[in-house]
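Scroll down for the structure; my scribbles are underneath it.
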Amino acid sequence: MTNIRKSHPLIKILNNSFIDLPTPVNISSWWNFGSLLGACLIIQILTGLFLAMHYTSDTLTAFSSVTHICRDVNYGWIIRYLHANGASMFFLCLYAHIGRGIYYGSYLYPETWNIGIVLLLTVMATAFMGYVLPWGQMSFWGATVITNLLSAIPYIGTNLVEWVWGGFSVDKATLTRFFALHFILPFIVTALVMVHLLFLHETGSNNPTGLISDSDKIPFHPYYSVKDLLGLFLLILVLLLLTLFSPDMLGDPDNYTPANPLNTPPHIKPEWYFLFRYAILRSIPNKLGGVLALVLSILILALLPLLHTSKQRSLSFRPLSQCLFWILVADLITLTWIGGQPVEHPYIIIGQLASILYFSIILIFMPIAGLIENHLLKW
């Protein structure tokens, strides 16, 4: 008799994705982040669902409904902070996942990579809208500043902004639609994740050497399911430590003040995971130029398969490119720091130099380093 997990139409899909999936024997812990992102998504959907049961998307009651969740709802405080800090863990895993993709040349699976970029944009949109919902000062002014960027689009910009706002300023209509979109987007993300996995399982996973590993594969379960479980325990440990000991560490104190359109905070800034994008946006004094730089800083990832000049896939055996990769990481950390600083000397010039370096490394230095390495190896 055939095993049910290999014959049942539904269970067969799960079996081929998580149990009998042929996996390269040599993938490292950097490959854990995919499953950790799945875990983060589940945590966010569950905690978000319980929060939505008590939240009201009205400008008069939104702030007090979040306070009510923390004070009066059973375990509301932990659900709220798991959700808020879960977003930080989500982006931490997301950036590690993208970094691993760049380091080991996973972008050479273009379908998987491009769906990944769409996923990144969708998750960023979801997180931005979620930040608006508590209706604190930073929520309101963050929404005002970021949605206002659409007005930089020539000809249709102003109409587009008012269409997004649902009026002539960020108000009740904006909050209501942001709540509706914030609720639906994680389910769209889940659907995109399935497409992402579908394309990944068409080609199979990459591995640290960047070589074809068809001849040397092992089943995903129990080898990697156990390894992923360890990563999951560590993720939950860090999330709980953050939530229980310093839940507000990554938040902004201004968001504990109810939104007031008549009082602008001295320094408007997004959550930490958007700070490096925000620094790139601010580094160009022109509004349209800044918006273009912001969009290109994300869409530049789609060019990576075209910019790959090396005859080796991974950076494992390419010291020049390795150096550039870690300079890029340091540059992104610098941009994150700059994004949180006020717009004054010397932060302005540091931000501009770091932004130029970001684009230069990806568009110029990495492709040249690949060609030099080919030449040194006489390939």
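In case you wondered, yes, glycine gets a Cβ from its N, Cα and C as well.
Residues annotated as transmembrane segment in Swiss-Prot: 33-53 (among others).
Per Swiss-Prot, the feature transmembrane segment maps to 77-98 (among others); the stated evidence is similarity to another entry. Long-range contacts of the transmembrane segment (77-98) within the same chain: residues 30, 33-34, 36-37, 40-41, 43-44, 47-48, 50-51, 66, 69-71, 116, 120, 123, 127, 130, 235, 238-239, 242-244, 247, 250-251, 271-273, 301, each at least 6 residues beyond the stretch ends and with a Cβ under 8 Å from a Cβ of the stretch.
Under DSSP, HIS83 (heme b b562 binding site) is assigned to a helix (H, G or I) in the three-state scheme. Counted within 10 Å of its Cβ, the other Cβ atoms near HIS83 (heme b b562 binding site) come to 21, all protein chains included. Residues or ranges marked as heme b b562 binding site in Swiss-Prot (evidence: similarity to another entry): HIS83, HIS182.
Taking the Cβ of HIS97 (heme b b566 binding site) as centre and 10 Å as the limit, one finds 20 other Cβ atoms among all the protein chains shown. Annotated heme b b566 binding site per Swiss-Prot: HIS97, HIS196, in sequence order.
Counting residues 6+ beyond its ends, the transmembrane segment (113-133) has Cβ neighbours under 8 Å at 48, 55, 57, 62, 66, 87, 90-91, 94, 98, 101, 106-107, 139-140, 142-143, 146, 174-175, 178-179, 181-182, 185-186, 188-189, 192-193, 195-196, 199, 270-271, 273-274, 298-299, 301-302, 304-305 in the same chain. Per Swiss-Prot, transmembrane segment is recorded for 113-133 (among others), and the stated evidence type is similarity to another entry.
Residues or ranges marked as transmembrane segment by Swiss-Prot: 178-198 (among others).
Residues or ranges marked as ubiquinone binding site in Swiss-Prot: HIS201. The secondary structure of HIS201 (ubiquinone binding site), as reduced to three states from DSSP, is helical.
Taken from Swiss-Prot, the feature transmembrane segment applies to 226-246 (among others), supported by similarity to another entry.
Beyond the ends of the transmembrane segment (288-308), by six or more residues, the same chain brings 98, 102, 105, 107-108, 110, 113-114, 117, 120-121, 124, 149, 152-154, 277, 280-282, 355, 358-359, 362-363, 366-367, 370 to within a C-beta distance below 8 angstroms of the stretch. The transmembrane segment feature in Swiss-Prot is assigned to 288-308 (among others).
Among the features that Swiss-Prot reports, transmembrane segment is placed at 320-340 (among others).
Residues or ranges marked as transmembrane segment in Swiss-Prot: 347-367 (among others).
The highest tally of CB pairs under 8 A with the transmembrane segment (320-340), across 33-53, 226-246, 347-367, is held by 347-367. If you measure from the Cα atom of HIS97 (heme b b566 binding site) to that of HIS201 (ubiquinone binding site), you get 17 Å.
Non-local neighbours of the transmembrane segment (226-246) in the same chain are 29, 32-33, 35-36, 39-40, 43, 78, 81-82, 85-86, 88-89, 93; each lies 6+ residues outside the stretch with a CB under 8 Å from one of its CB atoms.
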